[in-house]
Amino acid sequence: MSSLEISSSCFNLETKLPLSPPLVEDSAFEPSRKDMDEVEEKSKDVINFTAEKLSVDEVSQLVISPLCGAISLFVGTTRNNFEGKKVISLEYEAYLPMAENEVRKICSDIRQKWPVKHIAVFHRLGHRAASLEAVSYAIDTLKAKVPIWKKEIYEESSSWKGNKECFWASNN
């Protein structure tokens, strides 16, 4: 049984990485610039507790926004053992009204602390602290060490942006 949590501080539809493999194959969703400009998006929180199999792609689509530049995700899975015992499955229960209320409070706390556009939280079980620390390290280290530039393309012009967090870009 897999589980998943996804929060978003957005996604930029103009990002093009021609040498990279696509994240979602055969994606039929390609909004036009007109559609993107006309959309006034309100922030949303999507909360779901389910016993059904979860799809990273489906949940990711819930948090994509043309106003933002990234989607942050955490995917938790079930370990195959615990304290030397083989785990074959998990069963879980929740008092849904209370669980949903508590997750809404968490979403509210997130919005007070960070500029997040959309949040989707799908119920998960398991330990996540080490995984989240590893993801944070990967992102911070990538930004500090990997020479990546982006080109922002506007309606009338474009501009190359260097990674200000990279050690080689600092003004010493």
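The backbone N, Cα and C atoms fix where each Cβ goes, and this holds for glycine too.
Predicted, not measured: the structure shown is a model, and the values here were computed from it.
Look at Swiss-Prot and you will find Ser20 tagged as phosphoserine, backed by similarity to another entry. Among the features that Swiss-Prot reports, substrate binding site is placed at His127, Arg128, Lys143, Lys150, Lys151, Glu152.
When the binding-site residues Lys143, Lys150, Lys151 are scored by other C-beta atoms within 10 Å, Lys150 scores highest. All chains included, 13 other C-beta atoms sit within 10 angstroms of the C-beta of Glu152 (substrate binding site).
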